Every structure is written in C-alpha cells, then in structure tokens.
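Chemist: Pasting in a structure now, in structure tokens, and then I'll have a few things to ask.
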Amino acid sequence: MESLLCRRRIKRVMVLIIALTWLRSTCGELEDQLFEVGKLKMFVDDLPDMPRLYGFNSVHGIIKPASLQIGMFSTKWKFHRDLPATPVFAYGTSRSKATVPGPTIETVYGVDTYVTWRNHLPKSHILPWDPTISPATPKHGGIPTVVHLHGGIHEPTSDGNADAWFTAGFRETGPKWTKTTLHYENKQQPGNMWYHDHAMGLTRVNLLAGLVGAYILRHHAVESPFQLPTGDEFDRPLIIFDRSFRKDGSIYMNATGNNPSIHPQWQPEYFGDVIIVNGKAWPRLNVRRRKYRFRIINASNARFFKFFFSNGLDFIVVGSDSAYLSKPVMTKSILLSPSEIVDVVVDFYKSPSRTVVLANDAPYPYPSGDPVNEENGKVMKFIINNESEDDTCTIPKKLINYPNADVSNAVLTRYISMYEYVSNSDEPTHLLVNGLPYEAPVTETPKSGTTEVWEVINLTEDNHPLHIHLGLFKVVEQTALLAAGLEEFKECMTKQNDAVKCQISKYARGKKTAVTAHERGWKNVFKMMPGHVTRILVRFSYIHTNASYPFDPTQEPGYVYHCHILDHEDNMMMRPLKVII
C-alpha cells in the first residue's frame, strides 16, 4: 500500500510541472466566453430518433449472429438551432454517420453480437484532462478509448476494462488490452443497456465529448405477450445529459481544479446548464393520444434527475436498469442517478392538457446541493395530438418474476466503504472504496454462481451510484448511521477500514428508508445514501435461468465495481473484482 502511494506521488510530481504550464495558457478564459444559456429558446428542436444498428442477421427467416464495425470519430454536432456546431467525439459506422449519442444497437436474446470498436480520434483531446489522476497515457500521443457495455453479462475480455484501452489504429494499447473485436453473448435477461467509454482516468472527458449510446436486448417470446408499445415511433430510448457551451459552440469544462496545487484540473463534479435529450437541447416531440414507451438513460457525469410531468401525468415503470420488474409500478416522479436506466410507459391519452413538460427538481450535487433553475429544471416538451385513436397496447398486470432477494442464500457478507478525502481548505482531493486505490491488490473475489450480501457504508456527504460489472443485485434495506458517535465511527473506519472492529452494529441502528417500489427489482446501479448503510444482495449468475455463464468469468482482466459519478470514478473511486470458481 505504501509503495503504491509513493509511486503515485512520484508520478504526480513529474506531471504537475506539465499540467501547471498547460493551465497558464487556459486559466485566462473569461466568463464572457461562455454562451448565455438564457438566449437559447427551449423546445424549438425536434427530438431525434438515433440511427439503429442490428447486432444480428436474418437469413431466410433464421436469426444469426452479426459483426458490426463501429468507429469513434472527431466531428461536429448541432445541439441547438441557435448554437454553433459543437466539436464532439461520436460513435458511428462512418464519420458522416456518427451521432451524439451514438446509434442504438438492437440485439436478440441468444444471438451473439460481435463489435469491432475502432478509434479514429485525433492526437489531442477537445477537452482539458488532468494528468495527476493517473489516466491512461500513451507514449506516442493519441486519445485512449475502450468501450464498456453497461449492464452486459459477458466475458472479462469484452467488458471494457479501464486498462484495456487503445489509441487510433490500435497503435498503442493498455496493459489489459487483449483483442480488437468484443463478443456480446446476449444470453442474459431482456432489457436495456448502454455503451460508453471506460478509459482509465478519461471516462469523464470522453463521455462529455459524446461517446455514449443505447443498447437493447429483446426476447420476443417473453416480451410479446406484454403488448407494450412497439416500433420506432412508440418505443424510444431517451439518453439525457447536461452540458455547458462557449459562444463558439464548443463544450465548456472548467480547466482549473478546486485544489490546483494537487490536481490542476480535476473537480469533484461536472454540471452543465443545458439539458440534452438524444443530442438536442430541450427538444420537443409530437405525440398521439396513446401509450408510448421510453427507455430513459441518465448519461450525465454527475447530475441526478428527479423527473416529473408538469401536468401530473403518471409514469408506469416496467423496468429498472437492465431487467423487467415483476409488475408495473405507477409513480408521479422518478429519481435517476448517473448511469441508471428506467423503462417507462406514458399514456398521453390521459393527459389533461395539449402540452406537457418533462421536468426535473433534483438538487445538484445530490442530495444537498443547489436547487434547480429555469434551465436545468426542464428537460423536454411533448405536444399531444388532440384526436383520439384506438390503442391496442396494454399495461399487463404482471411482467417477469425473477428470484426474490433471499439473504439466507448468501455465501458471505462483505463490507464496502466509501470515503472522501479533503485538503486543508476542505476541498475534495480524491475518493476511495475500502480505503484502497484502484491499483491495490484485489480484495473482492466472489465465486461464480453464488450470491453475496454487500453492506455498503457511505461515509461521505454525497449520494454515490454504485455500479457492479457482471453482477446483478437487489436492494434489501437502507439504514441511517446514528448521528451520535458518527464522527468516532468515521475516524475508526478511516484508520482501520474494518466495519466489524469499528462496531458497525453499534452505529447502523438509525432510521430505515424504504426502497422505492419501482427500484425493488434486479439492478446494476443503485444510489448509496450519504450517512447510510445500504444492504444489497449481489448475484454472480443469471437471474432468468440456473444455467452457468457460457464463458469463463475468471479470465483476466476481470471486472470492476465503482461509483458512477464519473468525476469520482476517474479519481480512484473504483476497485477490481475478480471472480473465482
């Protein structure tokens, strides 16, 4: 541990001189270079439906595996009618077809999809990045990238390990890189996923630049009886994120860190003042008086959304993250953290008005930050056709019954602790899981096919969305740490990182917060409340069958788990996960 920290300090000293020199050339940027967000009129751009790519072939009516070639390109994108075109990094089958977000990949249960992800990015990044947080740093320049299919259950070599990065033309590759083509088995439960960059220390800037896209796994035999809305018009992914812009249209990211003598550029959270849906700022969508299905993905770096409709219309939740619920849940609002997915049906026939705004009222940072304003409190507008029509879609009483969260089946209990460290000025410097940097030897070694209880102890003031690669989990309970003696417990944990020795049972006796009804299904991300212990039941096997994985989950480079606030993930809030047999 000591030697790891020493190596980090040496590297920091070496790169600090370079970073500070670069900062001198950028820190003179004036506020008047920023685009005045109030000048952008809302609801003037139509909601795009992103291009579709199909991860399967149909030959004489028989569905067969397919291979896709998807590139990452430097291009320009119009986020708003009145905003100059923005330099971005975008996924697509060619530069001219690249989009932000990238194309939606449609796949079929049980049919393999092979994707060769190709890096066509330039030598230099379009955004500032911080060399002191140990990012992937190629010797010959270029922008490291690697794609992670978020929510996917597949072999480690196709998981998009942060150290499996590569530069343009595969000229340079990271220490964990193994192959050019990734294999997605598509043998898990049907549901929603998304793909995004996952390069070490660069995830936050690569996603800000535009490297995100939706991925849908369909199982027609299972899903058809539900009679949910189908077809491109009525079944739409909505990828939502926030950005700020300069007057020239370029993405604005603060180039000065909150602790510039430690991290010249890194800041604990990025928040933009413009809300983007499918690549357009506050778009509009003309809808008919009938049911629509929206697969909503929060692709923000750090912003939580608490969605609601301005006229009180209901959400009917049918899925959470990559799995269906056991039955639909009706709700007036939905809290979605970065990287979470919610699958909803909205019945516009029941709308009392001709127009309705999808709005947001989540403070930022969540939960105790600033309240929303006029700009980030609105997401998009729906304009409803006044003519009624026959709607054959239904809301089924039941969906898919997966196994319950039976804690008695767990083979062991692990304690996972979240820490934030601050400077003398009380500004965050870095965040750790279990008090360990990412490079420290693996400590979580679940056995394939088993279930574990994880007691996640959040000792910070932020809500951290915990994402576990490969595993699926159910949230069992959320218990507040007692305020009396909390500082004593934090001090003990900071020194020892041993929940049992620090008498967790003595402090985890506060108020219990019920798990929201639409979040009681199987998830791969969940919001860890500050000052709470959240018990989750993690399953390292399929939930829809007792069959074993069709791949070897013990291969290198293994998997990871981490906070999905990207600015935290990039600054050490990630740990390796090694599955054993």
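Just so you know, glycine gets a Cβ as well, placed from its N, Cα and C.
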Chemist: Check Swiss-Prot for me: it has His198, His469 binding Cu cation 3, so pick out which one of His120, His544, His562 it puts in that same site.
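Modeler: That Cu cation 3 site, as Swiss-Prot gives it, pairs His198, His469 with His562.
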Chemist: Given that Swiss-Prot assigns Cys563, His568, Met573 to the Cu cation 4 site, pick the one from His464, His467, His518 that the record assigns to that site as well.
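Modeler: So the Cu cation 4 site in Swiss-Prot includes Cys563, His568, Met573 plus, from the candidates His464, His467, His518, His464.
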Chemist: What count of other C-beta atoms do you get within 10 angstroms of the C-beta of Met573 (Cu cation 4 binding site), across all chains shown?
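Modeler: The answer is 25 other Cβ atoms.
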Chemist: List only the single closest residue to Asn386 (N-linked glycosylation site), chosen from the recorded positions His148, Asn458, His469, His562 by CA-CA distance.
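Modeler: Given the candidates His148, Asn458, His469, His562, the nearest one is His148.
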Chemist: Cα-Cα separation of His564 (Cu cation 2 binding site) and Asn458 (N-linked glycosylation site), in Å?
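Modeler: On Cα coordinates alone, these residues lie 14 Å apart.
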Chemist: Measuring CA to CA, name the entry from the recorded positions His198, Asn254, Asn546, Cys563 that ends up nearest His467 (Cu cation 1 binding site).
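Modeler: So, spelling it out, the nearest of the recorded positions is Cys563.
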Chemist: Quick check: which same-chain residues outside His198, His469, His562 lie with their CB within 8 A of the centre of the Cu cation 3 site CB atoms?
Modeler: His148, His150, Asp159, Gly160, Asn161, Ala162, His467, Tyr559, Val560, Tyr561, Glu569, Met574
Chemist: Run through Asn298, His469, Cys563 for me and report the recorded positions whose CA is within 10 Å of the CA of His150 (Cu cation 2 binding site), in sequence order.
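Modeler: Taking Asn298, His469, Cys563 one by one, the ones whose Cα falls within 10 Å of His150 (Cu cation 2 binding site) are His469.
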Chemist: Between Cys563 (Cu cation 4 binding site) and His198 (Cu cation 3 binding site), find the distance joining the two CA atoms and give it rounded to the nearest Å.
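Modeler: Counting only the Cα atoms, the answer is 13 Å.
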